[in-house]
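Contents: one structure, followed by commentary.
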Ligand SMILES: C[S@@+](CC[C@H](N)C(=O)[O-])C[C@H]1O[C@@H](n2cnc3c(N)ncnc32)[C@H](O)[C@@H]1O
């Protein structure tokens with residue numbers, strides 16, 4: 001928010017909007033902080049260092065510049081080096097960290113994404129694009145859980161797909177349904193549902209991404225009505241005692257604590273206190289971060305448990321059983337076997353949608369496949385020829401598929417991420433030629449196709465970096 005805009009923010013309107021919640025330090029300090037820019041922080045990839053054999057590195061040493069921890073999220077780091085440019089590093093290209101507002105880490109803390117409680121769980125992100133929270137949930141469910149990332153607005157699916165692929169995991173599916181419709185099809189199946197609700201976005205004013213109309217009662221009432229509907233759908237999606245995580249980036253009581261009170265009064269849900277978040281508590285089960293206190297744009301998050309016993313929808317009857325549908329046939333295994341380990345592909349469930357091939361793990365619940373419009377992409381077709389997808393190059397840990405790799409030097413990696421060919425590729429690989437995953441310090445960056453001398457760059461345009469890249 002520019003100074004000119006901040007001067008228009010009416011303190012009375014803020015006080016009215018925040019409702020009964022007391023603003024620590026007062027409204028003047030809050031308005032001042034809203035006119036300042038808050039820099040993004042690092043959310044460290046929780047499995048990346050394990051996958052590359054350097055898990056013993058302390059969290060602070062995992063970033064290539066100086067940082068300090070974020071109090072409310074144990075995988076969060078604030079950059080303290082004023083000259084650091086985190087988005088320009090090869091470590092960022094290699095997926096070591098994501099850049100987010102520190103406020104968005106509050107909901108992840110409430111969900112337990114930095115601990116072990118989500119491991120093996122079936123979780124849903126109901127409003128998922130662009131995937132900042134969904135990617136953290138995917139990392140947190142580990143190698144036995146699953147994530148359904150739902151985003152009703154189709155035009156927002158591309159960044160969601162990209163951010164989920166960056167985790168290196170294949171344990172997810174993407175749906176694009178109105179929450180009501182999804183709830184009718186998948187009643188009572190999820191252990192945890194996270195709603196990062198579309199809201200009036202008052203906290204985004206400090207990032208210049210929202211105008212002062214975010215403060216208007218009309219906008220707040222409109223958003224609150226939509227949040228009611230999304231919350232009701234989320235309650236239907238949860239199993240009994242399942243966890244609901246609700247968050248917004250707005251200050252309005254009507255969009256935050258009031259929404260939770262409605263669930264309590266109806267007997268649908270009960271607060272589920274998060275001990276580590278006690279310093280940020282507003283009401284029971286509700287937590288807030290303030291721009292003038294916590295050096296972020298501001299955030300609201302709540303953790304509740306379902307008291308309902310939802311009737312399971314028909315589609316879920318076979319939920320959890322192993323799916324035998326669409327197992328890879330011999331011809332497909334042969335095609336994919338040019339780039340991927342055939343013994344790994346054999347166990348996957350393949351779904352072809354037009355020119356794109358997805359490969360889901362065989363233990364994914366059948367019902368998740370039925371609502372999926374996308375998932376872990378493995379190959380795509382141009383004309384009659386299949387090529388390996390960028391997403392498949394990024395698989396790490398147990399999801400790793402690619403056979404051949406090229407271990408790039410810093411210079412080669414800098415050339416690769418900026419979209420250039422990789423020279424002298426033969427020195428970096430044992431394979432004579434063909435498709436191979438370009439890696440830097442073990443991290444997958446994307447595909448190169450080598451003719452034995454030069455590696456042709458197959459990094460999608462959207463993943464390329466421009467300008468200076470720091471090694
Ligand atoms: C605040 S954003 C989510 C940000 C995301 N969770 C992240 O961390 O990257 C809210 C999302 O809700 C989606 N949305 C809009 N209307 C919706 C509805 N009726 N039901 C569910 N999601 C909706 C928007 O398209 C938007 O992508």
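Indices start at 1 and increase along the chain as displayed.
Glycine residues also receive a Cβ, built from the backbone N, Cα and C atoms like all the rest.
What TrEMBL says about a protein is an automatic prediction, not a curated fact.
These come from TrEMBL:
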type	residues	note
ACT_SITE	249	active site, nucleophile
BINDING	127, 128, 129, 130, 131, 132, 133, 151, 178, 196	S-adenosyl-L-methionine binding site
DOMAIN	32-307	domain 'SAM-dependent MTase RsmB/NOP-type'
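In the predicted model, the domain 'SAM-dependent MTase RsmB/NOP-type' (32-307) has a mean pLDDT of 94. Looking only at other Cβ atoms within 10 Å, the busiest spot among the recorded positions 127, 129, 249 turns out to be 249. If you draw a 10 Å sphere around the CB of residue 131 (S-adenosyl-L-methionine binding site), it holds 27 other CB atoms from the protein chains shown. Residue 133 (S-adenosyl-L-methionine binding site) carries a helical DSSP state (H, G or I).
Taking only the Cα positions, the spacing between residue 129 (S-adenosyl-L-methionine binding site) and the residue listed as 'active site, nucleophile' is 14 angstrom. Counting in whole angstrom, residue 127 (S-adenosyl-L-methionine binding site) lies 13 from residue 249 (active site, nucleophile) by their C-alpha atoms.
Reported as a whole number, the C-alpha separation between residue 178 (S-adenosyl-L-methionine binding site) and residue 249 (active site, nucleophile) equals 21 Å. A straight line from the CA of residue 249 (active site, nucleophile) to the CA of residue 131 (S-adenosyl-L-methionine binding site) spans 15 Å.
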